[in-house]
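Annotated in TrEMBL:
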REGION    1-25  region 'Disordered'
ACT_SITE  Asp91  active site, nucleophile
BINDING   Tyr146  substrate binding site
DOMAIN    184-286  domain 'Pseudouridine synthase I TruA alpha/beta'
COMPBIAS  351-364  compositional bias 'Polar residues'
REGION    351-375  region 'Disordered'
COMPBIAS  365-375  compositional bias 'Acidic residues'
Amino acid sequence: EENGHQNKRLKSDAGEEDVEDQNKRSPKRKIVLLMAYSGKGYHGMQRNVGSSQFKTIEDDLVSALVQSGCIPENHGEDMKKMSFQRCARTDKGVSAAGQIVSLKVRLIDDILEKINNHLPSHIRILGLKRVTGGFNSKNKCDARTYSYMLPTFAFAHKDHDVQEEVYRLDKETLEKVNKLLACYKGTHNFHNFTSQKGPRDPSAKRYIMEMYCGEPFVRENIEFAVIKVKGQSFMMHQIRKMIGLVIAIVKGYAAESIIERSWGEEKVDVPKAPGLGLVLERVHFEKYNRRFGNDGLHEPLEWTEEEEKIAIFKEQYIYPTIINTEREEKSMANWLNTLSIHDFNSSAVGMQANNKNSKNSSDLEGSDGCDDDSD
């Protein structure tokens, strides 16, 4: 009886061994993927398992990983099985040029080509690198750089009658914008730049390394400019509110002193700029690179060779989406009309009504949730 039972088991094991042999030929390894995507039409990056009505970038990514044979189907259903981790959780409508995800996959031949074959053209995997077994793209990230592309008429003074297609940003106004953006550098209490954080919450303190607005350029007859911000991590809506407040000051709705006041304990009414235009540019792994980048086994997580592909993707998919959506839906122009209902002199009094009014125009576009508070 014992022998008969054993024979049966050996027979069933033979089929499993074939599968194991295949897996041994392409063993599972921990890797990172460099991703670029246009976020329009998606409810953010992070997958909501069991909620198929809100499509996310990860829904399309996981589907492509399964179809290309990198991961078994059950890993797609339970992402913990492949140790999946995104570096930043971009929210609804927000795009990325340099998102990083870490996961375990079978290193099959022509892996990037096969994954991309199963992805829509507005989502691309641009690079792959092997990493240490314990690597986690979110925890190992030292800093994130975002950009925000906006039409420059956003900086025109409120008392000037502006024709959007004719407006051009002058040197003095750009200097003023950059002087204000530079105020954010350093560590400050940003409790007024997000929701659900009190002034004494230690996690409201954030470190900003740089923030500036580049030279303007014209696309489709409208002048645009790109604001870059690099910080350790950002809270939900933080970047959009930082930019919204600077626009309010430059337009003449608020005094410059409001920035300093917003870091204090009182509640300040900070307007939130539209989500359109926000792009996750790149994520930084400086500590990891110092420790493992030149250990002879792993590569530093730098993407110099992929820079050209990133630039081409932005020109093809990200910038046209921002420009066309701005022209058709006028998200910035509509939002600018709500600035007059904000009360920049009061503290908490009367703010709820203002927030209610401005919610309708700006919450549709998306937000910048990208760290532990919003993941």
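Residue numbers in this text run from 1 along the chain shown.
Glycine too: its Cβ is placed from the backbone N, Cα and C atoms.
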Pairwise Cα distance for Asp91 (active site, nucleophile)/the residue listed as 'substrate binding site' [Å, integer]: 13
Other CB atoms, at most 10 A from the CB of the residue listed as 'substrate binding site': 25
Composition by DSSP (helix, strand, coil) of residues within the domain 'Pseudouridine synthase I TruA alpha/beta' (184-286): 26 helix, 33 strand, 44 coil
